[in-house]
Structure formats: C-alpha cells, structure tokens
Ligand SMILES: O=C([O-])CC(=O)C(=O)O
Ligand SMILES: [Mg+2]
C-alpha cells in the first residue's frame, strides 16, 4: 500500500479534449457567475503573464518550500495538463523557476497554478506559458519530500481534483467539475450573449436600471433627497390637502431646511401638493410642501415655494432645534 504523503498516482481521467476546448475564450468571470460564487480561486493567485489558461488539472501536493514532487510531476504530466500545486500558500521559499518552466515547455505542459511562491519572475513574465502564483521570492526550494502527485489538493481556497477543468485569465482561476461542464458551458455562452447585449444597451443609454431601486426598496433603503442636515423632532403636524378644512393628523419625525419627515396613517400620492401647519413648538409655521415618497406610515415631504419669511422661520427653527439638541 502506498504511503500517505509519499504517493504518486501517474494515471488520471482527463475530460474529452473537445469539452475542454469549448471553454476557450470564455471569460472566467462569466463561468464564475454560473457557479454561484463558488469554485473561484482566491485573489492572491495572480497571473504572472497575460496568457489565458485552459486545461485539465494535474495536481501536486508539496511540503511547503520543497519541490521534489513538483520536479517529478514535470516528468510525468501529459501535454496540455495544467500543473496545480498546493504548497499551502507558503511564500518563504519558491517552488518553481525558469529552468523548470523551460523543461515543462519542452514536455508540452499547458501551464501552472501555484499556491506558493515562484522565482526568476523576469523570465517567466516573458514566457508564452500561462503561469499563476501566490507570490515571488528569490529564496530557493528544498528537494526532500514528502509530497504527493494526483491527490485532491487545496489551491487558492478551492478543492481541485485531478482532471478538473481549469479556466484562467487576468481575473483569476475558476475550477470546473467535468460532470458540470456541459451545462456550465451552455450557461456561460448565454452569459456571453447577455453581456454583449448589455454593452449595446449601455452604449445607447437603454440599460435597464429598474431592478436597482426595486432591490433597494425590498431592503428597506430610504433615499434622502434633502441637501440639509435634519434634526429629529416629535410634534403633531396638520396636513391639509386641496385647501379644504379637512386635515390629516400627522407626526413630525425630523425636519431640515429642505423638508420634513412625517408619519401618518393615510396614503398620499408622490407629488401631491399639500400644506403643512406646524405647531407652536415648531414655530407655528404654515408652509406649502410636496409629498416626495411614502413607505408604510413614513411620508417624506419637500417644502415648496418658500417665501422669504418662511425660509427665515424654518432656518431659525432648524438652528434652534439643532443647538438645543447639540449644546456647546
Ligand atoms: O531551483 C529550482 O528548483 C527552481 C528554479 O529556480 C528553477 O527552476 O529555475
Ligand atoms: Mg532558477
């Protein structure tokens, strides 16, 4: 029986090449959106060059700082394989450099993803092989062991099995379970179409934004359109609609130079013109206003057509209330 920590599985199941190749050119982000935010390697795994990555995973688990098993992997990985290295994110010693990459290229290896450090970065930036890594250091590796080849590994916070399909670009890496690949491919192509349409809509100013206010509303967000700081109050206010004698009783919650937040039982349409009679404790001010919004019992009102006297009176009131609540 193979010894744990010292195992090499040289054979892996690779998905059909045609299935892998069908992901060529699809941005990692479009695929990620169809994985519900799972299976993306974390942001520390960065591309060293701008070569897109695509291929089946050939996994290597290293003792941090030790690349003996990675050297062996270079000799047995197949052309097109992406060598995925779990060095436990350790950045003390590099586990790969220029010579290893030159050898990997000679053997037709498809690329590297290394959750650890690399070196000889100047040369690796210029190579035409995709390389992604968590860091760079000139410190060299040990060549000792343990280490394993083609066991499930953790790379960039994602579990990677040998034979998983890897897609990488300047955004990072997504890991695809081959069983999910056909369905994911279909959805990712649909996402490509949707993004193309969105770009056209943006260019023609026809981009649908209605969902946004709806989402904010569902989350109870209140958009304040006032320019002035408000002061909390608690006082009865009469709302007069259509200049009739009939009035609606409301409670003032806060007030600013711009408007007032009231609470009342009645539904009032946005844009409705009203008159407000503020009580003595709010300066006995009689002022025209417009309903700007209503959510439940809360009604936002904006003062309109403020006369000079009313502007002065509201200014004095807001200042007085402010000083009263913030003495000194
Ligand atoms: O010494 C090592 O194993 C890593 C290295 O720098 C190279 O491959 O050039
Ligand atoms: Mg070197």
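Each Cβ is built from the backbone N, Cα and C atoms, and glycine gets one as well.
Among the candidates 63, 119, the residue that TrEMBL annotates alongside 97, 98, 99, 100 as binding substrate is 119. Shown for the domain 'PilZ' (224-318): DSSP residue counts in helix, strand and coil, namely 14 helix, 46 strand, 35 coil. Residue density at residue 119 (substrate binding site): 21 other Cβ atoms are found within 10 A of its Cβ, drawing on all protein chains shown.
Long-range Cβ neighbours of residue 120 (Mg(2+) binding site) (same chain, at least 6 residues apart, Cβ-Cβ under 8 Å): 97, 98, 99, 101.
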